[in-house]
Structures are given as C-alpha cells and as structure tokens.
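Colleague: Here it is, the structure, as structure tokens.
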Amino acid sequence: MIASTGSSGLYKAPLSKGLLLIQSSVSILLVFLFQHQQDLFLYNLKAIKEDFHLWKLISGRIICLDLKDTFCSSLLLYNFRSLERRFGSRKFTSFLLVAWTLSAIFDLLIVESVELFLGTTLSTLPSGFLAPVFALYVPFYCSIPRVQLAEILGLFPITNKTLVYIVGLQLLTSSPSMLVIAISGLISGFWYTKDVLNVRQILCIPRWLAEMFSRTVEPVFSSMEPVNEACVGMGATIDIQRQQRIELLDQQFMLSQLAHLGRRRPQQGGMINWNRLFQPLRHRNFGNQAEPQAPPPPASEEQVAQLMEMGFSRVDVLNALRASNNDINIATNFLLQR
C-alpha cells in the first residue's frame, strides 16, 4: 500500500521521480559501500580555483554525501512535484537547468565576497543537487496557494506549506556553509522567475530534446494515474493520510476560486455545475434592469501554447482560460485537478 500511494503521488512528475530515485540510491551507495569514491563528488572550491578542476562544478553538485541532506532534499523534491505538474516537465527541467547553472556562478561569487569582506575562507561547500532545490522555493511561494489548516495558540497558522518551510529550514541549518548554497539557489530561482537577462530562452530545453526524452526516458519513471475513489483515507500511515488531505484541501480551494470567477449567478444546492460553468457565456436580456456585460477578451496564443505544452487539448485550455478570465494560474490548477 505504501508503494502504490507513493507511486500515485508522483503521477505526471517523471523528472521529480527520477531525481528522487537516482540521487537517493547513489547517495546511499556512496555512504555505505563506496566511501573511497566520495572524493569524486566532493564540492571542493579550493581544487576548482587553484587546481582548475572545473569538472568538480558538475560532480560536486549532483550527489549529496550527507544522508541528512539527502533525506531533506528528497522530501522537498517530493513536495515540489506539484510544480512539475503545473509547469510541465519541459519547463520544469528548464528551470532546474537554469538554477543549477547560475547557482554555480553565484556560489563562487558569494564565496569570494565572504573571503573579501569577512576574511573567512570556505574551501568546500555541501555537495549535492541542493541549490536547485532551494531555487524551487521561489515558484513554490509565488504559485502554490496557501491553505490554512489550523492555528497554534490562535496566533501561528499551520498551512499546507508549513512542513515544506520547516524541512527547508532544517536543511539550511545542517551546516554553516549551507547558507551560501541557499542564497545562490534563491537568487537563481528569482532570475528565472523574472527572466533576468533572458535566461529562459538562453537555457531553455529544446523541444526536440524534450520530445526525445519524453519517448525514451519518461516511460521508465512514469507513474500510474491515481484512482479517484481512493484519494482520501487510503494511506498506509498517518503522514500519508495527512498529505492526501492537504492535497484535497488544495484542490477544493482551487476549484472554489475558479467557480467564483466563472459563475455569473449563485449556484443552487451548494454544488458546482462544471458543465454549465464551461459553456460559453450567454448574454441574457433583462430589459432595462441591467446592461449586458462584455465578454472577456480572448486568451493570447502564448497562454494557450503554454498550457497545451503540458498535454491538454486546445478546447479544454480555451474553456479553462475563458472561465478563469484568462488567469493562467487558476486555469492551470483546474486543468490539473480535473
């Protein structure tokens, strides 16, 4: 039951699943079986700057050598899988590529600044795919809605994001030099989100490469579609059930937002009639009581293409954009939750 629940949790998130499996497996093997090979994956800045071992900018930034970092980063990647569903695997991969590349540059700049202004020399930094994980906090904060679940002493709210922030804080405090990785990752995520210096186009995954991996690699890490009838209360542990309830609350919050924007009169009986919601808006003649409202402007082709890249049909995309008044975030959430 645990395996099936975890598999369905990674539905439509093959890249997240691949990163979880590969990183965790290699990290465990290096810690318990191949300890002598750990030097190959050490993020050694001294070797990079003085001995010009530039290859360590790659090998030192893919596999964690600390199991605590492996656990925290894996848990965060699992929670960030909703971003892959929202963006689509191609855009999600492009984001990670931009964050991973830029963070290597920012790592060196921050270390040099620390040495220049504080007189502290950092010879090594925590190894692993950590900076892109911190970078994912930027779209997570901006895109994922906040749903309050409870309060502590009536002062501190507990939301569907609280656990993610707590795990990130635990990862941040695992070592003093982790702050450098966190800052470079957050800056990289901000650069991609704001498209500074046109980084989205410069480091974008080509469509032909995305299609090739979609045919070859994605089937290996794809997960079965979860059964709708078993979404709630089927988890094998309390933590799994709690996560399922949070995702259900997130879904209900999104649907209520879309219903509020799309409907033109109150629904009877407290139920949302989606068929009526997605029908073309009708202009009703109420005589002199009210003036007819103008229909919303048509969605831009860029919005339509962005949603169609995630695998949705053009008709569904147009309907979702029309009902959400061309709000691409709300339209995306409804399409993903259908």
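The backbone N, Cα and C atoms fix where each Cβ goes, and this holds for glycine too.
Reproduced below are the annotations present in TrEMBL:
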{"type": "TRANSMEM", "residues": "20-38", "note": "transmembrane segment"}
{"type": "TRANSMEM", "residues": "92-111", "note": "transmembrane segment"}
{"type": "TRANSMEM", "residues": "117-142", "note": "transmembrane segment"}
{"type": "TRANSMEM", "residues": "163-192", "note": "transmembrane segment"}
{"type": "DOMAIN", "residues": "298-338", "note": "domain 'UBA'"}
Colleague: Per DSSP, what is the helix/strand/coil residue tally across the domain 'UBA' (298-338)?
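Modeller: Counting residues per DSSP class in the domain 'UBA' (298-338), I get 28 helix, 0 strand, 13 coil.
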Colleague: Restricting to the same chain and to residues at least six past its boundaries, which positions have a Cβ under 8 Å from a Cβ of the transmembrane segment (20-38)?
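Modeller: That would be 10, 62-65, 67, 70, 73-74, 77-78, 128-129, 221.
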